[in-house]
Amino acid sequence: LAPCAGTCYQQAKQVLHAAVPDQLQGRERETGILRQFLQEHVLGCCPGSLYVSGAPGTGKTACLSRVLLDCKDKLAGSKTVVLNCMALGSPHSVFTALAQHLGLPMATGRERVRSLEKHLTTQGPMVLLVLDELDQLESKGQDVLYTLFEWPQLPSSRLVLVGLANALDLTDRSLARLRAHPAGSPQLLHFPPYTKEQLTHILQERLGQVAGDPIVDSAALQFCARKVSAVSGDARKALDVCRRAVEVVELEVRGQTLLKPLPGGES
């Protein structure tokens, strides 16, 4: 890493955080499919479901967040509910959380599911339900997952469901019954691990936002990208490794500055 003024290290650490960037490198195809799905189903008032799979750090949530931000004005006429299933106490809590977001009166058990079903099949704007960490909703008999994925198939439904999870085979393993009705099967979108080239581009694009000479040597970035792509292809891991490297150098430079001899040769 190149030595530089203290502020450039701060900027570098900032750009290496795993925030949602304006442009997602290496995910143009997946972003296009997500946009097309929302266009056809939410804006086209056509209920449906999409299952997004991919290992952690492959850009699933970041991509969808970017698309939702970009389409915010277009989606203003519909109701968007985003839930992280990891934050729910139990699989059935998803129904309580959804009812609260939709402003429905509190109910329990089957009554709550029935009231949601009725709400989602009566006239009104389209409802886009995004469920991150969807695999947290797996339960005995998979009744929660089946209920959610069957809702878009109900007559007069206005629900568009997007589920994100790490497992590639969740729909085969847990939702086999849906395949009996071809129209009922969710559309699938898989995010493969990032390649060495894609990770290098991501790191270069982020660090390119810092003014001045490059802080991290190109060979060091490629080394980091190669190591991370060989193990996981996790972009968050690559950003993390680079950020820690910047922190180490920042501490070293700070230490050297403090230890500089005083003018006049005094110790």
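Just so you know, glycine gets a Cβ as well, placed from its N, Cα and C.
TrEMBL entries are annotated by machine, without manual review.
Annotated in TrEMBL:
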DOMAIN    48-165  domain 'ORC1/DEAH AAA+ ATPase'
DOMAIN    194-252  domain 'Cdc6/ORC1-like ATPase lid'
Local confidence of the domain 'ORC1/DEAH AAA+ ATPase' (48-165) - pLDDT mean: 93
For the domain 'ORC1/DEAH AAA+ ATPase' (48-165), the number of residues DSSP places in helix, strand and coil: 57 helix, 25 strand, 36 coil
